[in-house]
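Straight from Swiss-Prot, the features:
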- Arg50, Leu51, His52, Ser53, Glu54, Glu92, Gly93, Arg94, Thr114, Thr149, Lys154: GTP binding site (BINDING)
- Cys55, Cys66, Cys68: Zn(2+) binding site (BINDING)
- Asp126: active site, proton acceptor (ACT_SITE)
- Arg128: active site, nucleophile (ACT_SITE)
Amino acid sequence: MKRLEVSNQAKLPTQFGEFCIQCFREKGSNGSKDHLVIFTPNFPQNPLVRLHSECLTGDALGSQKCDCGGALQMALERISKEGGLVIYLRQEGRGIGLFNKVNAYALQDKGYDTIQANEMIGFKDDERDYSIAGEILEYYRIKKMRLLTNNPLKIAALEKYAEVTRESLIVCANEHNQGYLEVKKLKMGHLL
């Protein structure tokens, strides 16, 4: 926990059920970044875990361009029933930040896919770093988990810290995100 400062725990009643929250402040050369963990009290030894990167447009604004908001809601619903946690990482836009994400969205509006748009503004298709999630898993002493994901990069990253069994999390396509989901499957190797 050398690069993390840990907050107190607080209760968080939600539409999905009762959770607790705790913040992890990542200290680094670029200042600090706060990540949030939402968890059920007394979660099981083999908990459901959702590693979720921040998506303001999908999570808070209900954007139909992605599957993020739906995936987060589905994860919270399942976790409230089965026990576990969501590690909510502040890595907006697959790690490029909100400003750049909006610029990438503008390119998508012109017909470029999500990967092409990121590359056109100088980024890789995915700039995220999941090592901080590994440190958070170690903090909670999680050695085995059922990971709610379709992303093979998340599986590979977390297998360094715990035994991972993947459980799929499928959000229905709509007219606005169908192409995005196809790119995730065909170009990014997502297990959809």
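Keep in mind that glycine also has a Cβ here, set from the backbone N, Cα and C atoms.
Listed in sequence order, the binding-site residues from Glu54, Cys55, Gly93, Thr114 having a Cα within 10 Å of the Cα of the residue listed as 'active site, nucleophile' are Gly93. For His52 (GTP binding site), the Cβ neighbour count at a 10 Å cut-off comes to 24, with all displayed protein chains included. When Cα-Cα distances from Asp126 (active site, proton acceptor) are compared across the binding-site residues Arg50, Glu54, Gly93, the shortest belongs to Gly93. The least crowded of the recorded positions Arg50, Arg128, judged by other CB atoms within 10 A of its own CB, is Arg128. In sequence order, Thr57, Gly58, Asp59, Ser63, Lys65, Asp67, Gly69, Ala71 are the residues of the same chain, not among Cys55, Cys66, Cys68, whose CB sits within 8 A of the CB centroid for the Zn(2+) site. Across the structure, Lys154 (GTP binding site) and Cys68 (Zn(2+) binding site) are spaced 15 Å apart at their Cα atoms. Distance from the CA of Cys68 (Zn(2+) binding site) to the CA of Arg50 (GTP binding site) is 12 Å. The C-beta environment of Cys55 (Zn(2+) binding site), restricted to residues of the same chain at least 6 apart in sequence and closer than 8 Å, consists of Ser63, Cys66, Cys68, Gly69, Leu72, Glu92, Gly93.
With a cut-off of 8 Å between CB atoms and residues at least 6 apart in sequence, the same chain places Ala104, Gln108, Asp125, Tyr180, Val183, Lys184 near Thr114 (GTP binding site), listed in sequence order.
Our reading of the GTP binding annotation (Arg50, Leu51, His52, Ser53, Glu54, Glu92, Gly93, Arg94, Thr114, Thr149, Lys154) yields a largest Cα to Cα distance of 22 angstrom.
Taking a C-beta cut-off of under 8 angstroms and a sequence separation of 6 or more, Glu54 (GTP binding site) has the following same-chain neighbours: Tyr88, Leu89, Arg90, Gln91, Glu92.
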